[in-house]
Amino acid sequence: MIDEVRELGIYTAYNANVDAIVNLNAEIIQRLIEEFGPDKIKRRLEEYPREINEPLDFVARLVHALKTGKPMAVPLVNEELHQWFDKTFKYDTERIGGQAGIIANILVGLKVKKVIAYTPFLPKRLAELFKEGILYPVVEEDKLVLKPIQSAYREGDPLKVNRIFEFRKGTRFKLGDEVIEVPHSGRFIVSSRFESISRIETKDELRKFLPEIGEMVDGAILSGYQGIRLQYSDGKDANYYLRRAKEDIRLLKKNKDIKIHVEFASIQDRRLRKKVVNNIFPMVDSVGMDEAEIAYILSVLGYSDLADRIFMYNRIEDAILGGMIILDELNFEILQVHTIYYLMYITHRDNPLSEEELMRSLDFGTILAATRASLGDINDPRDVKVGMSVPYNERSEYIKLRFEEAKRKLRLKEYKVVIVPTRLVPNPVSTVGLGDTISTGTFLSYLSLLRRHQ
């Protein structure tokens, strides 16, 4: 499978950012408390800021996360705080974040034949985190040119940095007279949410070359629609950017009917979620999501009872039923679902791949994820041997049993539904981007297996 996958060309867009990681210790935490004062922090904690406008908002929410030991994410809405964070903290590591960024680096790690990555903003700090071998499309003298992404950066482009503060169980610090011990390990994420970086689009000068890019590749993986806003200060809105997103898809397919996969991510705003789902899904061939995202989508399609059942009981039969509804209502080719214990495909009976081939495709996805979890990254196609040696998770027999029961209960005559247990690494080096890794592996293997039927 790996050799066939490497023969493919893939285009990926739109979202990439810098993940800057700080490993917190008692000294760093105490320094922050002394700088702002325990009384001010306690008062701000009582107000419980839901976004970060100034440093005190950050310190108060960080202390709350440390006291509870719960992972949390709070949006940073003041762009001027970039400088304060960069002066205050020494980052232990910086790595690529955002689905399109992570996926591009996975593709080039597998030595896929051609990897073209596009993000509307490419500042130098971001460009340097992409791996060697990734191409970025630019327009020079009214011609399309593919440049190494590291040299294609633009001075002055806005930067999206998500700052991840890792904390460890047992860390002790003082907040005034109160001694606090962190009860659980976790992370506190400060996610950048500025208007300047929320315009998910292909720039006008490049857009007319999308049919040419489509001819160069076998498939495209698109993501980042969750970054769109309902309204913008210049009068534009979500509808404007979704119209442009649909035009991008049409243009990519104009000269060559390439397969397009959308990697969905949770969208908290119900109105925006409905707009993205109804506008984008019917335009593409493949969609990837987890079971919670199935429930979120069902709720905006009018199936709130089934959505509630998925949230409450997490049963395979409900996930299958929900997946079939999404596939039919939004009329695309194949749905890929990734959960901690299993991966699933739902497609129509006339799909050219057999159920055995679909299972092989899913298995390739879980092999890639196990490889990344074991090694922290994928830098060579031979790395996948590590993932192949990871056994299926301990619930795999139970999952197969539940799946057989679900098949007896549901009417599946018009569908092909297959499930493969995941390969779980007991002590993963990294868990970041595992869903993106699964979707990359399943989509690549799906494309390569379809080629056999052409």
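Here the Cβ of each residue, glycine as well, is placed from N, Cα and C on the backbone.
The domain 'ADPK' annotation in Swiss-Prot covers 1-452. The Mg(2+) binding site feature in Swiss-Prot is assigned to E263, E293, D436; the stated evidence is similarity to another entry. If you look up Swiss-Prot, you'll see D436 marked as active site, proton acceptor, on the strength of similarity to another entry.
Close to the recorded Mg(2+) site, the chain also has Q99, S223, F264, A265, G288, M289, D290, H338, G435, S439: residues not among E263, E293, D436 whose Cβ is within 8 Å of the site's Cβ mean position. Around E293 (Mg(2+) binding site), taking its Cβ as the centre, 22 other Cβ atoms fall within 10 Å, counting all chains. Within its own chain, E263 (Mg(2+) binding site) has Q99, I103, I221, L222, S223, V287, G288, G435, D436, S439 as residues 6 or more apart in sequence whose C-beta sits under 8 angstroms from its own.
There are 25 other CB atoms within 10 A of the CB of D436 (Mg(2+) binding site), with all protein chains counted.
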